[in-house]
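Visitor: One structure, as C-alpha cells, below. Some questions next.
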Amino acid sequence: METVRRKLEHIEICLKKEVVSKYRPFDDLILLHRALPEIDESDVCTECTFLNRRLSAPLIISAMTGGHPDAREINANLATAAQETGIAIGVGSQRAALEHPDLEDTFSVVRELAPDVPVIGNIGAVQLHRYGPEVLDRVAEMVDADAVAVHLNFLQESVQPEGERHAAGVLGSLREARFRLPIIIKETGCGIPFEDARMLVDSGIQLIDVAGTGGTSWSMVESYRAELRGDPESKEIGMLFAEWGIPTPVSVIECSRAGAQVISSGGVRSGIDVARSIALGAFMAGAALPLLAPATRGSVDVVRVLQRFVRELRISMFLTGSRSLQELSRAPVIITGRTREILEQRGIDTKIFSSKR
C-alpha cells in the first residue's frame, strides 16, 4: 500500500505547503499589445479540436491524482467541471490501481462524469518499461481514454528513498510500443530539451507535454515527505533540486523546433499564460495546482477557475488582434530575462518571436 499512501501524502502536501518554484518564467514573456486590434472581442474564437473532440479552449486539466479513496471526490469534481466547460482532463498516475484494482473507480469516475471531453490516461515510463506495452491498454481501458500520457519523473524518483531510478531502455520501450491511441510524453516539472524531443519525434512520438519548471516542484514535494519521515538528508536534497530543470517557455520552443506537437504546462496560472504558450508554439496548455484546492471544495469552484482562464485567454486574444488560435500563434511575443538568456545560450534568436506576423 506504499503507492496508495504516497498519493494521499502528495495531495496533502500540495494543499498545505509551498511547493511552487520561486522563478516564474512566464513573467519573462510580453505579448505585444495592439492599441488598434481592428477586431471586436465578439470576433474572438477560443475553440479548438484536440484528440478528435471539440473544446471550448486549448486547455487541459493536467494530471493530478487518483489511486486513493479520498482522491475519488477530487477527480469527480474535476471531471464534472471539465464536462461543463468543455475542457480536456488528464488523470494522475494509474499505477496504484494496477497494483490494487479496487481503486480503479478513483480513476474511472472521470470518464463517467466527463463523457464528451478528451480524457488522458497516465502511467510512468518506468512501469511501461517493466510491464511492456500491454500496460497502455490496461490504463486506457480503465478510463476509456482518448490518449495515454507516459510520464517522466526521474528527478522525483531520485529524491524518493523508495524511488525507481531505472531510466535505461525507456526510449526503446516507447519506440516498440505500438498502441491504438496517441501517446503523450509528459515530464513532471523539469521540462524536455530539444535533444530528447528530437529522439522522441524520431521514435514516432508526436505529442509532448513539456511540464517545465516554473510551477509545482515535485522535488520540493518529496522534500516535505522526507521531513514527515524524519529523513533530513532526503529533505535537504529535495530542496537543493527544487529549481532543477528547464523553464516551461524554453522547453516549449525547443520541443516545437524538434517537430513535436507541444502541450505547455508547468507554471500555467492564467489565461494570459495560455496565450503566451500558444504564441511560443504550443497548441494546448495544461494547469493542475490552481485547480486542486477548488476541487476539494466542489465542481462549482473548479468551473469558476476554468471560466476565468478562458475569459483571460479571450481578452489576451482580443488585445493582440487575434481572432483565432492560429492567429494567436503568429502574435509577436517579446522574450526577456532569464528565459531570453537561456534561449540565446542554446543558439535560438529570440527576435524571431518579437517580429512575427
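Cβ atoms here come from the backbone N, Cα and C positions, even for glycine.
Okay, so Swiss-Prot annotates it like this:
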BINDING   R6, K7, S93, Q94, R95, Q156  substrate binding site
BINDING   S62, A63, M64, T65, S93, N122, K186, T216, G267, V268, R269, A288, L289  FMN binding site
BINDING   E157  Mg(2+) binding site
Visitor: Can you tell me how far the Cα of E157 (Mg(2+) binding site) sits from the Cα of M64 (FMN binding site), in Å?
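Guide: Per the Cα atoms, E157 (Mg(2+) binding site) and M64 (FMN binding site) stand 17 Å apart.
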Visitor: Looking only at Cβ atoms, how many others are within 10 Å of the one on S93 (substrate binding site)?
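Guide: Other Cβ atoms found within 10 Å: 26.
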Visitor: Can you tell me the CA-to-CA distance separating G267 (FMN binding site) and Q94 (substrate binding site), as a whole number of Å?
Guide: 23
Visitor: If I take the alpha carbons of M64 (FMN binding site) and S93 (substrate binding site), what is the distance between them in whole Å?
Guide: 8
Visitor: Would you identify the secondary structure of K186 (FMN binding site) according to DSSP, in three states?
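Guide: Note: K186 (FMN binding site) is in a strand by DSSP.
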Visitor: Roughly how wide, in whole Å, is the group R6, K7, S93, Q94, R95, Q156 that binds substrate, by largest Cα to Cα distance?
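Guide: It comes out at 17 Å between the most distant Cα atoms.
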Visitor: Can you see whether DSSP assigns L289 (FMN binding site) to helix, strand or coil?
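Guide: L289 (FMN binding site) sits in a helix per DSSP.
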Visitor: If I restrict to non-local contacts, at least six residues apart, and a C-beta distance under 8 angstroms, what lies near L289 (FMN binding site) in its own chain?
Guide: C14, V19, V20, G215, T216
Visitor: Here's one to test understanding: among the binding-site residues R6, K7, S93, Q94, R95, whose C-alpha is closest in space to the C-alpha of K186 (FMN binding site)?
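Guide: Of the binding-site residues R6, K7, S93, Q94, R95, S93 has its Cα closest to that of K186 (FMN binding site).
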Visitor: If one measures from the C-alpha of R6 (substrate binding site) to the C-alpha of R269 (FMN binding site), what distance in angstrom results, rounded to a whole number?
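Guide: One finds 26 Å between the Cα atoms of these residues.
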